[in-house]
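Copied over from TrEMBL:
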BINDING   A:Cys70, A:Cys73, A:Cys76, A:Cys127  [4Fe-4S] cluster 1 binding site
BINDING   A:Cys80, A:Cys117, A:Cys120, A:Cys123  [4Fe-4S] cluster 2 binding site
COMPBIAS  A:211-226  compositional bias 'Basic and acidic residues'
DOMAIN    A:60-90  domain '4Fe-4S ferredoxin-type'
DOMAIN    A:108-137  domain '4Fe-4S ferredoxin-type'
REGION    A:190-226  region 'Disordered'
Amino acid sequence: MADNGNRRPDPDKGGSFKDLFAPVAGFGVTFATMFRKVQTEEYPEQKRPTQLRFHGRHQLNRHPDGLEKCVGCELCAWACPADAILVEGANNDDAAGERFSPGERYGRVYQINYLRCIFCGLCIEACPTRALTMTNEYELADDNRADLIFTKDQLLAPVLSGMLPAPHPMVEGMDERDYYLGKVTGATPAQQEWVERHDGDTTVDEPDTLPVEHQEAGQHAGEGRP
Amino acid sequence: MGIEEKLPAGFLLTTVEKVAGYMRKSSVWPATFGLACCAIEMMAVGTPDYDIARFGMERFSATPRQADLMIVAGRVSQKMAPVVRQVYDQMPEPKWVISMGVCASSGGMFNNYAIVQGVDHVIPVDIYLPGCPPRPEMLLNAILELHQHIQDSKLGVNRVEAARAAERAALEATPTHQMKGLLA
């Protein structure tokens, strides 16, 4: 052939060294990644904390003396776009020893269906007493529908130190308004004595210096407002 | 299915159950199947950030015939319901279903004529997962619940016994379409 003698080397081609590593050059990123820090969240062992305002499971808060904040007004149920909340109110009755919240009414039945709830937080906005807040807990999967309807005993905030589980009378000399003004800081000896007389198995610790609200969860801004 | 069908109930069968359960739960292949926004979170679980491959599940099967797990991710419309059922029927036994998100689990906020009020009207569901949509950790939590479920599953005569007990319980329970209140 005519052009046999003057063939020039291909300008795109590298040296023989480059040719040797050409088949594995594409793995450069792969090999380099082996020495980088792993970004994967090792979920069940190491949980990455959620944002503080993450909308998780609900919680029904308590006053510092242990009385419930929920007054059974059903505004949360009305606000719910998915009809996930069921509330039935009832009257507090001091004479019968059934006082669950300061004031006139309390939530007797409180259920949230977590297979309807879309965690939008409209119920939290609707609640006039900040009784309902959301925690950051999100592990809710279950194997049947009935267990995912949370009832009041599952939703109620834990009884912290200084609190007495309801029912018990209000702090003596205080009315409903004083509870919301933050004048109540914990259960009094008279309340403790009342509970012991009716249950006999409840003790109360020294009241904390902590403010009113449940501290570990429900950290929505403005939660402390009455 | 195999040798476990011939085994007598007892120590040998429970040992086989434990080994088989461990094998099954370690590589559950989900079907590539998403219906709505929950599917986006399901895809997020496949990313390196959450890495579903840690559970041997990175292979989202493009055909239901090679899938073990159906993650119903999103709202099931009346028109989609027969398709969901067909995909489920095409999966080989043993198969499991996670109902991901409130729409698939109960209709969620879409309580209307267009949406099936819970995919369990169409196919049996093993794990219900709340959330709208559930965050990836919630799906991983549901998968871990399912692993427990698979580990505890029975074989051979024990499976027959468990199926009979489940059927007895189902016959006594209120049918889903007759349920009232929050379960409706």
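Every residue number used here counts from 1 along the chain in the order it is shown.
Quick reminder: no glycine exception, Cβ is built from N, Cα and C everywhere.
Automatic prediction, not curation, is the source of TrEMBL annotations.
Each of A:Val71, A:Gly72, A:Glu74, A:Leu75, A:Val87, A:Gly107, A:Cys123, A:Ala126, A:Pro128, A:Thr129, A:Ala131, A:Leu132 belongs to the same chain as A:Cys70, A:Cys73, A:Cys76, A:Cys127, is absent from that list, and has a C-beta within 8 angstroms of the C-beta centroid marking the [4Fe-4S] cluster 1 site. Cα separation, A:Cys80 ([4Fe-4S] cluster 2 binding site) to A:Cys70 ([4Fe-4S] cluster 1 binding site), rounded: 16 Å. The subset of binding-site residues (A:Cys70, A:Cys73, A:Cys76) lying with their Cα within 10 Å of the Cα of A:Cys123 ([4Fe-4S] cluster 2 binding site) consists of A:Cys76, given in sequence order. Taking the Cα atom of each, A:Cys117 ([4Fe-4S] cluster 2 binding site) and A:Cys76 ([4Fe-4S] cluster 1 binding site) are about 12 angstrom apart. Proximity of distant same-chain residues to the domain '4Fe-4S ferredoxin-type' (A:108-137), defined by a Cβ-Cβ separation under 8 Å and at least 6 residues beyond the stretch ends, is recorded for 49-50, 52, 54-61, 68-73, 75-90, 145, 148-152, 155, 180, 217-220, 223-226. Here the binding-site residues are A:Cys70, A:Cys73, A:Cys80, A:Cys117, A:Cys123, A:Cys127, and the ones sitting under 8 angstroms from chain B, going by CB atoms, are A:Cys117. Counting in whole angstrom, A:Cys70 ([4Fe-4S] cluster 1 binding site) lies 20 from A:Cys120 ([4Fe-4S] cluster 2 binding site) by their C-alpha atoms.
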